[in-house]
Amino acid sequence: MKFQRWLQAHTTAITIASALLIAVGYLGKWLGSTWGYAVPLMVASIIAAVPIAIHAYQALRVKVISIELLVTIAVIGAFAIGEYNESAIVTFLFLFGNFLEQKTLAKTRASIKSLTALAPTTAAVLQPDGSTADVDIDDVEVGDVVVVRPGDAIPVDGVVATGTGYADEAAITGESRAVSKEADTPVYSGTILSDGYLQIRATKVGDDTTFAKIVELVEDAQDTKSHAEKFIDRFAQYYTPAVLVIAAVVLLASRDLRLAITVLVLGCPGALVIGAPVSNVAGIGNGAKRGILVKGGTAMDGMAKVDTFVFDKTGTLTQGNTTVTDAAYYADAAGARQLVAALEATSNHPLGSALVAFAGGSTNLPVTDSQVIKGQGVTGTIAGQHVCAGNLKLVQAHGVALTVAQRAKLAAMQATGASTVILAVDGTVTALFAIADAIRPEVPAALQALKASGAKELVMLTGDNAVTANAVARQLGIDTVHAELLPADKVTYVRQLQQAGRTVAFVGDGINDSPSLATADIGIAMGSGTDVAIDTSDVVLMRSSFDALVHAYRLAKKTVLNTRENVAIAIAVVLFLLVGLFAGFIYMASGMFVHEASILVVIFNAMRLIGFGKSAKLDLRQVQTTD
Amino acid sequence: MMNKKITMQLDALTCPSCLTKIETAVKHTAGVGDVKVLFNAAKVKAEFDDQQVSAEDLSTVVSKLGYEVQGVKVKEL
């Protein structure tokens, strides 16, 4: 098989030689020499046909009827009837087309190549004597300490043992930004130390690192076929042998070998087979560069069809941590903050920690007799005063009455969707606090962009109470809200929407909403590269960003459109060739030319997807400014 | 028992029929379980039993078809 490898290595040279020989042949014809015409073309046919024939033979050995086989038979046929110019041009065009295909396909695969190029191959492992040794990346062990210098790619997942610096984590998050690193902060393989010096204790190495998993996921995704692609594959499996049969029938019926071999060449399913996969590869690559992992052609198709987005509120639409958003004081403000913080520090309620943070940290005021009343609040004694902090029920139980003005303020706070805490000292209200999970500022514009891109309904599911949920939904521009849900209820709502004929995408943080992610037509895990999220979702957004969500939606629609364009081009070409054959203006060489040209056309069409998105970002800003 | 997993990195693949060719040839080797050929990444992934067949054997199967094997990684399952 050395000969074959030699051929493979020299295919380009063979293609050039074949082109030169064809030129010499036509020069001979122009000079009026019959031999000067025929001989170079014969030689050109033979040298170019050999690599094609070998491929055909090998495919046949594993029972695959390949395009190469059709071409080989056609060339032998052309040779037999003395059409040396046709055979020479067909073989040349086939090889040249393959060459161009290889070059252009490499461009559509460039995104993933640029990812893997980031992966370092060796690591500088710290030795017991203080020196470092360059170790192959596969031989680094968990627990080893590796040294990373400025400009180097970090070779392992781990935590900083000593040193400080800034790392560019674009490889993981798709966002190029310097992230500060110091002792005990986590670092990721594939990210670049832009500044500083780090010693890192490895926690994950080789194929277990987050980066390796991302690369593997993208590689698998680019080969996970959509329904359309699977259909075309099956089609091609029967189509190619069918062309062979049809050519044989044509030969028997017409006794015209020339016509039969023309059918063989025209029948090659070139653009059809390459058209759909190449769009997906370019689309998935585009996403991967922006920290958007779409798990294959099926996920891409599904994402494009989504008409209903379902969001889990906490951590997705909102920041996920509660803060004090409003306060009203009826006594010394600083004193009130100190008292409520001291009291709340004794409970572990989420509202409590927001109040402690609001007071600027825990206070040293001693609290005695503190008591947590579930669903109401906390009471206790501080510096001889009886203090209670909680809801209306709690303070009323302690004989505290609110003035009309205080009641109005409380109602106003609750109307914004905030939870409220009333602070009472010795039977008098001294302060009201509004605590809410603030919405993420970029969300309203992004949701509007989703709608502009074709989403029909935006649904929010939450475990929060209805008042809070509705207030948040109003601020965000959400269409439908379902509040006070348990995690299991969320799955039920997703199912109900599906039964109503919707194509549902569920957007969650991937931490405790895996069932919903798995149930939805398309599960979108946001801002989390955890294994569970990667496993159960169809689209992973490495960065918790709504820009990325909008981009993913538009990209999916664009990619599916691109696939359809390519299939349409391929079918149009086949029809054109058929008409040409019957009308008599298409022969072997011109047919092969049209084929190879159409393959390049579909690849170039797909390449447009690689650059998609620069304008999409602009659009989003426009939405924000007009808002 | 399939106890090892091999990943072979090949030179760029261009024709979908190469894929079928490689997949069929590797699958028909004794001691090989699941085979996956990644067209775009130009990788062959296969589970195999190291009692029956070695990683070198599998690499030879692929290179005999005329595809250069650039790198081989073997992992325990």
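Placed from the backbone N, Cα and C atoms, the Cβ positions cover glycine too.
All annotation found in TrEMBL is predicted automatically rather than curated by experts.
Sequence annotations record features per position, and here TrEMBL assigns transmembrane segment to A:12-31 (among others). Same-chain residues lying 6+ beyond the ends of the transmembrane segment (A:12-31) with a Cβ under 8 Å from its Cβ atoms: 37-41, 43-44, 47-48, 51, 84-85, 88-89, 91-92, 95-96, 99.
Same-chain residues lying 6 or more positions outside the transmembrane segment (A:37-57) and placing a CB less than 8 Å from one of its CB atoms are 4, 7-8, 11, 14-15, 17-18, 21-22, 24-26, 28-29, 66, 68-69, 71-72, 75-76, 78-79, 84-85, 87-88, 91-92, 94-95. The transmembrane segment feature in TrEMBL is assigned to A:37-57 (among others).
Remote same-chain partners of the transmembrane segment (A:64-82), defined as residues 6 or more beyond its termini with a Cβ less than 8 Å from a stretch Cβ, comprise 42, 45, 49, 52-53, 55-56, 90-91, 94, 240-241, 243-244, 247, 257-258, 260-262, 264-265, 267-270, 588. Residues or ranges marked as transmembrane segment by TrEMBL: A:64-82 (among others).
For A:118-219, the entry in TrEMBL reads domain 'P-type ATPase A'. Per-residue confidence over the domain 'P-type ATPase A' (A:118-219) averages out at a pLDDT of 85.
Sequence-distant contacts of the transmembrane segment (A:235-253) (same chain, at least 6 residues past either end, Cβ-Cβ under 8 Å): 65-67, 69-70, 73, 259-261, 263-264, 267-269, 272-273. Annotated transmembrane segment per TrEMBL: A:235-253 (among others), in sequence order.
As annotated by TrEMBL, transmembrane segment applies to A:259-282 (among others). Long-range Cβ contacts of the transmembrane segment (A:259-282) within its own chain (Cβ-Cβ under 8 Å, at least 6 residues beyond either end) map to 67, 70-71, 73-74, 77-78, 90, 97, 101, 105, 108-109, 222, 225-226, 228-229, 232-233, 235-236, 239-240, 243-244, 246-248, 250-251, 296-297, 300, 559, 562-563, 566-567, 569-571, 573-574, 577-578, 581, 586-588, 591-592, 595-596, 598-599, 601-603, 605-610.
Taken from TrEMBL, the feature transmembrane segment applies to A:567-587 (among others).
Listed by sequence, the residues of this chain that lie at least six past the ends of the transmembrane segment (A:593-611) yet keep a Cβ under 8 A from its Cβ atoms are 89, 93-94, 96-97, 100-101, 104-105, 107-108, 110-111, 265-266, 268, 270-271, 274-275, 278-279, 281-283, 285-286, 555, 558-559, 562, 565-566, 569-570, 573, 576-577, 580, 586. Positions annotated as transmembrane segment by TrEMBL: A:593-611 (among others).
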